[in-house]
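S.K.: I grabbed these lines from TrEMBL:
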- 1-17: signal peptide (SIGNAL)
- Y74, R108, E181: chlorophyll b binding site (BINDING)
- E103, H106, E230, N233, R235: chlorophyll a binding site (BINDING)
Amino acid sequence: MKFFAVCLASALALTSSFTTLPAPATQSRLYSEVAEKETMDAPASTIVAAKGGAIQSFDDLKSFANEANPIVKYFDPMNLADFEGGFWEEGQEATIGFLRHAEIKHGRVAMAAFVGYLVHAQGWTWPFPMQMDGAGWPKLDSVGSVPALWDALPQASKWQIILAIGALEVWDEYQFEGIPESKEPHYMRGGQPGKFASKKGSIFPLNLYDPFGFNGRMSDEKKQRRLVMEVNNGRLAMIGIFGFLAEGAVPGSVPLLKGLIPGYSGNVMIPFEGDFKWFPGNMIADAADAVSTASY
């Protein structure tokens, strides 16, 4: 019952994110004010996208926002998408690609994290040993909370996870001379944000999104609807997982989760806390201790 109570409380907390907000008074320096009103009222199906369905213009971005959330619509209080000159002076289209890719990527990670948190909160683990020597997985009952399960992993396990994610990131980002022609363009150079390299242009044996080609015949309209669903689910998952983490770090900070999430005394922002003594911060601390204890 506690598991279902957590799920219900999380769902209720997440729905608050769809309350009506006032439309931001942004002052764009890079798009036509005349086109803004027309774009806000246009459905996402009218978006004229570049290769792979990439959102290339500010008007496209606003149309997508209107489709994703007709209540809030476009919301950019910091004017990131119309930042003058774009991020790193790359221009507006590249900036929009960067922002879209970042949101989709973080949404996917958050969805995996949210489901993973619920699974681990039940104490479920793989049926086989964690290590070759037969050592088992950390148990929730022995560590006390879901984030503490990460702290209980061996150092080698943490590095395997970090390096695997790093390999995916490097392949997704690198665009130097000699890349396969079949590889998707970079999301800041006209490529589709959130689309990982296809099988033909990938170092991995299967397409990570559609490994068995089930979606090859999907219509563009259906792809657009699924993209909207993915973005919305990702946004909810980002709020959800941070709700779990906040309640664990500061009990009572999320009223709907009060008493449902065990406390966690560690720091989720320091994934290798206590594992190393040779990182720069620890090196400085060790050097200070050495100086303070030295005799002259």
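Heads up, the Cβ atoms here are built off N, Cα and C, so glycines get one too.
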S.K.: With the chlorophyll a site defined by the record as E103, H106, E230, N233, R235, how many Å span the farthest pair of C-alpha atoms?
M.R.: 11
S.K.: Same chain, not part of E103, H106, E230, N233, R235: whose C-beta falls within 8 angstroms of the C-beta centre of the chlorophyll a site? Give them in sequence order.
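M.R.: Other same-chain residues near the chlorophyll a site: I104, G107, R108, A110, M111, V231, N232, G234, L236, A237, M238.
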